[in-house]
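**Student:** Take this structure first; my questions come after.
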Amino acid sequence: MFDFLQDYDLLGAFWTTVQLAVLSAVGSLIWGTVLAAMRVGPVPLMRGFGTAYVNIVRNIPLTVIILFTSLGLNQTLGVSLGANDVETINFRLAVLGLILYTSSFVCEALRSGINTVPVGQAEAARAIGLSFGQVLGNVVLPQAFRSSVVPLANVLIALIKNTTVAAAIGVAEAALLMKEMIENEAQLLLISAVIAFGFVVLTLPTGLILGWVGKKVAVKR
Amino acid sequence: MSSVLYDAPGPRAKRRNVLLTVVFLVALAALLWWVFGTLKDKGQLEWALWKPFFSGSEAWSTYIWPGLENTLKAAALAMVIALPLGAVLGIARLSDHVWVRVPAAIVVEFFRSIPVLVLMIFGLALFAEYTNVSSDDRPLYAVVTGLVLYNASVLAEIVRAGILALPKGQSEAAMAIGLRKGQVMRSILLPQAVTTMLPAIVSQLVVILKDTALGGAVLTFPELLASANTMSGYYGANVIASFTVVAVIYIALNFILTSFASWLERRLRRAKKSTGAVLKADDAGVAGSNATGTGGP
């Protein structure tokens with residue numbers, strides 16, 4: 001029944017999915033943190049930039065962004081991100097698109113974490129004479145990070161699922177393989193079940209584990 | 001102004017802020033300069049490439065409006081079908097009977113953990129193989145199927161969270177005056193929960209609207225993004241121009257929806273007609289389960 005699977009690189013496709021997810025997760029965590037820092041910082045211009053970026057990027061479909069990285073950045077403007085063959089270029093473009101898109105959600109998740117810290121915490125910390133660095137490092141950020149775990153986990157799960165959009169520019173990940181398999185083989189339900197199982201394996205444990213961690217570290221108020 | 005992160009700025013902090021502003025402004029200007037330079041080098045700022053959108057209505061009437069119509073049609077169909085389905089699933093998950101609760105939970109968790117695109121691809125093949133839907137209609141059916149399956153399960157979680165967010169006293173009092181289970185749900189819990197859920201539901205509409213673009217890119221569904229693609233071919237590869245116009249349309253549509261959602265949220269919070277906490281429009285903050293609003297592409 002599963003014979004036809006031998007003709008396809010199923011594990012390879014899911015490995016590409018995982019690579020897309022991990023690279024984009026790391027990238028969007030960095031860029032998202034920078035954006036969050038801008039959005040909550042004291043400089044009005046940076047705040048404006050952060051807000052504008054998040055509101056614009058969040059409202060564009062990821063599909064449009066990823067397709068644009070291929071058609072616009074690569075084919076029209078000749079950006080190739082230091083790669084030579086088409087496959088690597090498309091992979092890197094997909095990661096770039098995912099980072100640009102996901103970081104706006106990372107920014108919002110971090111900001112929501114910071115917003116859960118009552119102002120009184122910082123005021124009390126200043127009142128007992130802690131310096132700015134101590135207030136941030138010992139009082140505010142530890143609480144903020146703890147309540148960011150669950151929203152960040154949601155963003156990560158959404159990101160894992162969003163990697164399928166890379167199929168739109170021909171990155172050989174799970175959804176593209178599924179499309180190819182369905183076109184060539186007859187076992188529609190079986191193929192879909194296998195691919196669906198793969199994604200359930202990737203997303204459900206992530207959600208459960210990080211949800212548990214989130215509850216464990218949450219600040220009880 | 002002071003926030004939890006920093007104090008009201010003193011003279012030194014003010015100087016530092018001004019310095020940071022200047023540095024950031026220079027960096028931003030350099031970035032913009034580079035972008036415009038690249039665009040100009042590649043000839044993408046030629047008026048000929050942008051002209052179709054500003055003079056004459058051909059580009060709009062041939063490509064953009066029909067595409068937008070399909071986008072809105074798919075989103076509206078998906079929402080209209082997913083909403084009742086999601087409500088049923090959400091209420092089923094709160095059922096007292098294990099044989100209702102567990103299957104509903106499995107369905108919701110399963111479809112929530114699978115990418116919409118996979119569901120859409122599956123739907124396309126399903127309609128091709130087992131039904132006689134004409135091949136012109138198949139992409140629309142597939143897009144709507146995928147969106148309904150995914151968003152119904154997300155909406156189910158929103159409904160469940162909305163009902164769970166109501167104070168326990170509501171259902172206890174209702175049962176104390178002798179209402180039956182169905183009556184408690186219909187006349188006490190749901191009316192209150194619906195108002196608190198509205199912002200979250202409206203922002204789920206944004207996710208649905210954005211997800212329709214997948215149909216255009218992968219399933220040959222002739223919606224806004226797909227028609228932008230054909231359009232840029234027709235007007236001599238004005239990729240930058242067409243994508244900019246399409247992105248602006250998406251941003252405008254979604255911005256209207258998000259603003260509506262947060263207006264609704266503010267209004268409901270102020271009105272205090274309901275006893276439950278108003279679910280946030282932003283992240284559809286689902287109690288105790290990994291949620292939603294951050295959703296799809």
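Easy rule for this one: first residue shown is 1, then count along the chain.
Including glycine, each Cβ sits where the backbone N, Cα and C put it.
All TrEMBL annotations are machine predictions without curation.
The shown structure was predicted, so the numbers you read here are calculated from the model rather than taken from an experiment.
Positions annotated as transmembrane segment by TrEMBL: A:20-40, A:52-73, A:93-112, A:151-176, A:188-213.
Neighbours and distances for these, please.
**Tutor:** Residues 46-47, 49-51, 53-54, 91, 94-95, 98-107, 109-111, 114, 155-156, 159-160, 163, 166, 171, 173, 202 of the same chain, all 6+ positions outside the transmembrane segment (A:20-40), place their C-beta atoms under 8 angstroms from a C-beta of that stretch.
Among residues of the same chain six or more beyond the transmembrane segment (A:52-73), those with a C-beta under 8 A of the stretch's C-beta atoms are 35, 39, 79, 90, 93-94, 96-98, 100-101, 103-105, 107-108, 162, 165-166, 168-169.
Counting same-chain residues at least six beyond the ends of the transmembrane segment (A:151-176), those with a Cβ under 8 angstroms from any Cβ of the stretch are 12-14, 16-17, 20-21, 24-25, 28, 62-63, 66-67, 69-70, 87, 90-91, 93-94, 97-98, 101-102, 105-106, 108-110, 112-113, 195, 198-199, 202-203, 206-207, 210-211, 213-214.
Within the chain carrying the transmembrane segment (A:188-213), a Cβ under 8 angstroms from the stretch's Cβ atoms is held by residues 1-2, 5, 10, 14, 17-18, 21, 149-150, 152-154, 156-157, 160-161, 174-175, 177-178, 181-182, all 6 or more beyond its ends.
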